[in-house]
Each structure stands twice: as C-alpha cells, then as structure tokens.
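S.K.: Structure in structure tokens, see below.
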Amino acid sequence: MTTTELTGWPAPTASGRVDAVVHLPGSKSMTNRALVLAALAAEPTAIRGGLRARDTELMMAGLRSLGVGIDDAGDMWLVSPAELRGPAAIDCGLAGTVMRFLLAAATLATGEVSFDGDPRARERPLRPLLDALRQLGAELRDTGGRLPVTVVGSGHLPGGHCVVDASASSQFVSALLLVAPRADTPVTVGHVGRTLPSVPHITMTVAMLRERGVEVAGTDGSWRVQPGPIRGGTVQIEPDLSNAAPFLAAALVTGGRVRVPDWPMRTTQAGDALRDLLTAMGARCELDATGLTVTGGPVIHGLDADLRDVSELVPTLAALAALADRPSTFRGIGHMRGHETDRLAALAAELTRLGGDVTATDDGLVIRPRPLHGGVFHSYGDHRMATTGAVLGLVIPGIVVENIQTVAKTMPTFVELWTGMLR
C-alpha cells in the first residue's frame, strides 16, 4: 500500500490563474453503450477512442466471458459478435452500466449468467429493470430486487410490452432499449414513474441505436423498438464531457482559462450542459470547431437550477456553489441518493466538514457560501466526490482527498491530468 493510499492525496493549490489545455479520454457512457451494441451486432465493430477505465474494463470482461471477441489494437478495439453463452459469472464492480446494460443483454444468452459486484453495488436499485425484463419474457432469479442476480437464459427474448419505473435511474430504460432490437417481437417500453431523470442519457441510447440502423420511435415516456439487425462498422467515441467538469471548474475557481480540444459541436452527452451552467455561474464559454474554452470571471455566481437531467455534474457544481457570491439551490436530483454513494448526503457532510453551510433536501441541495478551511475530504469510494475535493483544493489550502484512487472508475489518468493542468 502506498503512502498516498494510507494518508490521502494532498490536493494541490493553484499558485495563480490556471491556463491550460486538457485532453480528455473518451466518454464512459458512449463507450459502454458502443460495446454492448457491438456485442449484439450482426457484424464486427471497430471502436475508436474508447475509455480505458474500471467501468469499461468490467464491461469488456463481462462480454468476453459470454463469448464475445474483443481484440485490443491499441488505438481501437475490434469487437466480434457471437451468440452469447453461459455459464458465466459477471463482476459488475460499482458500474451501473454493467449491472443494468449487460444484465439485460444476458437475457439473450443460453445458460445461466450470474451478476454480482462491490458491496455498494448490492445497494443500488435494480428491481424495476428486473420486473420489466420479466414482462418481456426473461427468466431471472434474485433476492430482494438487487444484486446478486442470475439470468436463466434460453437464447432469446420474446419481447412485447413492458412498463418500468425509471425514477431511480434512466439506465433502466436504456438497458431495455439496447437489448430490444434482438427480441423476437417489437418491444414497447413505457415509463410509469413520477419523474424521469437523466433524459439526455436515454437520448444518447436512442441516437446510437438509430446510427446502427435500428428503428426506434417515441419520445420521453414511451418508446417502441422494431426487431432487426444491428449494424457494425466503425464507431468514434467523443471525449467525456461530464469528466470535463472539474477541469473547466478550475477556470472559474482561479479566474483562469481551460481549453478542452475536440468538444463536439453537436452531442447527446449530458455534459454539454456545462456550457450553459458555467456561463450562468459567471464564466465565458466559447465553442468552435476545435474545442471549448472556458474563462473564469471575477466572481462565481450562485445557481438556482433543476439539475435532474445532468446529475453527474452536481458534485462539481456544488464545489463551485460553495465558493460563490450567493446561495445556490439544486433541485430535481433526489435520485442521486442511489448513485455510487448517497451523493446528496455525502456532499452535505463533506462541505459542512470544511466549514460550509449545506442542507440536503428531499430532492436536492441548498448551499450557502461560507469561509472554508482545509481538512480531509472523504470520497466515499465515489469518483465524482474525489474530483470535487480536488476542485476545492485549488483555492483552499490543506485539503486532503481520501481514496483518490477511486477516480480509476472512469478516469484513471485524473491525477496526472490535474497536476499537468497546474504546471
């Protein structure tokens, strides 16, 4: 065990205004969707720019255990689809995309496929997806609607109509849509919950299906997918815009400038909302064909916003709000209690520990800026909590992030990129 693992990671303090260009790795959301679609396709797929991180490594390991061929050619992966076969044991880690997307795909396999993961993964919601898959004809064994789960595969999924309460996670809908083209009959998915969070992630799923020749109809709340082949070909993964959040926040915190090359002009990624959100908080955001440049202003403004569509951005936005000129209110994010940790409780606890004034409400956070001081910032094994501590450390001396290694879930190179930004 290293000294950093024992004592925590001293978050570096910026010596002045940050002025940096940060090249980000590929999108986790796009990478794992692309891997599942490639595994279910009618022909091989080349994936370029895919993210190499724990979540994607777990996805590839799971697909390989089901018989899918994945050759690593350095700058791309060549995925050779195959009939999925058990028996297999899938380690989901803490990856929601693995425990939901791959579980749905396993209903097409022959034989038994078991799923389990990290202790926290056993607490993450899964029952609505299991119920919906059963409505489509899948056979599953579970205890209490959470991991561990065993899929008893017959080699096909009958299809038909299902309803799902996706209030806890839009990944339930995406999982059903991803497997739907391989069902025996058309699949209709209806959302019956009170709210539907993270809609851009469903939009991404639909767009990626259509790009591969799948016929998908419907809008938020109801979707219909026709059975048919999924095309292969070449897929280019965009940079991970949500993982850009802490780096772009550095521009606001230090009054500096950060540029992210290859930011897409049009995208379905939820992280693209950073352009509007950071502008509202006082930044200047300039997008052109080569990338996005964010320049911080003299102060950070508080933010009053419904963030249900972009909840993965909330930890970074909370750090900015703690340093702002007026209180902030974040709404529509009650589902964050079921993320890698209860992020609402965790953010309230850690910001308060450093001298902040934060209240976790039923569906959000109220953050009242106060003078902050150094101290240990606990990550709760959550990559976005860890990067939040790094943002605060830019201007609050003495912050030590516990378990910075958890960033390996989606960005193993975070510390290298972060320290490089400050050189």
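Cβ from N, Cα, C; glycine included.
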S.K.: Have a look through GLU57, GLU139, GLU215, GLU312 and flag the one Swiss-Prot assigns to the 3-phosphoshikimate site that LYS28, SER29, ARG33, SER169, SER170, GLN171, SER198, HIS339 belong to.
M.R.: GLU312
S.K.: Could you state the whole-number distance in Å separating the C-alpha atoms of LYS409 (phosphoenolpyruvate binding site) and LYS28 (3-phosphoshikimate binding site)?
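M.R.: With the alpha carbons as reference points, the distance is 9 Å.
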S.K.: Who sits close to ARG343 (phosphoenolpyruvate binding site): which same-chain residues at least 6 apart have their Cβ under 8 Å from its Cβ?
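M.R.: Those within reach of ARG343 (phosphoenolpyruvate binding site), by Cβ under 8 Å and sequence separation of 6 or more, are SER311, VAL314, PRO315, MET336, ARG337, ASP382, ARG384, MET385.
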S.K.: Sorted by position, what residues of the same chain at least six away from GLN171 (phosphoenolpyruvate binding site) have a C-beta under 8 A from it?
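M.R.: Listed in sequence order, they are GLY96, THR97, ARG100, PHE101, LEU129, HIS201.
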S.K.: Which ones are near GLU312 (active site, proton acceptor): of the binding-site residues ARG33, SER170, HIS339, which have a Cα within 10 Å?
M.R.: HIS339
S.K.: If you measure from the CA of ARG124 (phosphoenolpyruvate binding site) out to 10 Å, which binding-site residues from the list LYS28, ARG33, SER170, SER198, HIS339 are inside that radius?
M.R.: HIS339
